[in-house]
Amino acid sequence: MSKLRFAVLPGDYIGPEVMTEALRVLQAAATPAGLELEYQIADVGGAGIDNHGKALPDSTLEVCRSADAILFGSVGGPKWETLPPKDQPERAALLPLRKAFSLFANIRPGLLYSELTDASPLKTERIPDGIDIVCIRELTGGIYFGQPKTTTELENGEFQALDTMVYKTSEIERIAEVAAVTAKARGGRVCSVDKANVLETSVLWRKTVTAYFAKHHPELELSHMYVDNAAMQLARDPNQFDVLFTENMFGDILSDEMAVICGSLGMMSSASLGTGNNSHGHPFGLYEPAGGTAPDIAGKGVANPCAQILSGAMMLRYSFGQNELAAKIEAAVKKTVTADGLRTGDIAFGRNPVGTTAMADAIIANL
Ligand code: NAD
Ligand code: IPM
Ligand code: MN
């Protein structure tokens, strides 16, 4: 029996709630396929702080290093917001994890099933066939990681804070390659999003992307768009995009917008891939919902588990090469929220909502 070894980092608030359901679905899918799940659960984020005094405990990092992939929940929330910013879960656990494994390529599918268009804030007549786009976000560079990053007190007693946005050609080229490969498997169109009318990093981004595509992928249709316009165009006509490709912070913001026009953050999964391969010869990756810990609904059993379940499916596809099994889980999720009409509160809109566990039960039944 083939073994799939991965680390499970549930995190905080709804993290553990949706992770429990994702593991049940993965187990139900894997066993009949003759696959054994060998996963180790470890604390991260607030749970790391509470149980080990550190958002990313050394023991957790070890568990990740010995695994072939990481299934991640989400971290952070009000309980730890009074800590010094550098020690809070997001900056002390998630960002260092992305950096430690060089997970520079974040893939976020913006998929809205045509049967679910009523859950989108967009008018159904603008998206009669649903939405099918993908965001490729650079994840280990830009203003998130650039140095210096400081807060200082000025002579007059006021404070000054500084973040640095920085990109190198090589960082832009490697993510451009991911965007190109993604587009080749889809509609062949890449829209690179930047702010080249203002930012030096964006000027370099646009120049580098243009040259890279001309040299390596001339058959693809490359366009460029300023980020403010992209935010507007997404809300106006999302399907004008095929692959939306951008730097770290723009991708963070645009992908939340993509999530809501596709129904809810509770539906959007993601894969973060690096340069290295795992013991299966596939990319090592971290798989997590695009959304956060949703403290407003945590502990009530109402969170949508689909983003976490679909992140598990992405893990099967990218890090374990289990394409059929991934597709099977994706089809079960789709059938559950469309044909069966089961909706958690975030996508219910007038229907009777079901809870987190009931949703996962139905997905398992549909496998
Ligand atoms: P959030 O994504 O947690 O929540 C935004 C809204 O979306 C909330 O109304 C929430 O209820 C809803 N939502 C999100 N996921 C849902 C789900 N699965 N089912 C139903 N509804 C869902 O964003 P926020 O409130 O800005 O952040 C809360 C905390 O999460 C913060 O500490 C933030 O830093 C953290 N965060 C962590 C990650 C991560 O670990 N990857 C990502 C984003 C935010
Ligand atoms: C995301 C999150 C993170 C980010 C935060 C929690 C650090 O919003 O994964 O989208 O900004 O990358
Ligand atoms: Mn985000």
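Each Cβ is built from the backbone N, Cα and C atoms, and glycine gets one as well.
Predicted automatically and left uncurated, TrEMBL annotations should be read as such.
Residues annotated as NAD(+) binding site in TrEMBL: G77, P78, K79, W80, E81, T82, L83, P84, P85, K86, D87, Q88, P89, E90. The 10 Å shell around the Cβ of L83 (NAD(+) binding site) contains 15 further Cβ atoms across the protein chains shown.
Here TrEMBL flags R98, R108, R137, D228 as substrate binding site. DSSP assigns D228 (substrate binding site) to a helix.
Residues annotated as Mg(2+) binding site in TrEMBL: D228, D252, D256. D252 (Mg(2+) binding site): 18 other CB atoms within 10 A of its CB, across all protein chains.
Summarising the annotation, TrEMBL assigns domain 'Isopropylmalate dehydrogenase-like' to 5-363.
Taken from TrEMBL, the feature site 'Important for catalysis' applies to Y144 (among others). In the three-state DSSP assignment, the secondary structure recorded for Y144 (site 'Important for catalysis') is helix. The number of other Cβ atoms within 10 Å of the Cβ belonging to Y144 (site 'Important for catalysis'), over all protein chains shown, comes to 19.
Applying an 8 A CB threshold to same-chain residues 6+ apart, the list for K195 (site 'Important for catalysis') reads S202, Y226, V227, D228, F250. Mapped onto three states, the DSSP output places K195 (site 'Important for catalysis') in coil. Look at TrEMBL and you will find K195 (among others) tagged as site 'Important for catalysis'.
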Apart from the site residues D228, D252, D256, the 8 Å Cβ neighbourhood of the Mg(2+) centroid comprises V227, A231, M249, F250, G251, I253, L254, S255, E257
Near ligand 1 by the Cβ criterion (under 6 Å), the recorded positions from G77, L83, D87, P89, Y144, D228 are G77
Whole-Å Cα distance, Y144 (site 'Important for catalysis') to D252 (Mg(2+) binding site), is 11
Expected list for ligand 2 (Cβ under 6 angstroms, recorded positions L83, P85, R98, R108, Y144, D228) reads none
Between the two most distant Cα atoms of the NAD(+)-binding residues G77, P78, K79, W80, E81, T82, L83, P84, P85, K86, D87, Q88, P89, E90, the distance in Å is 15
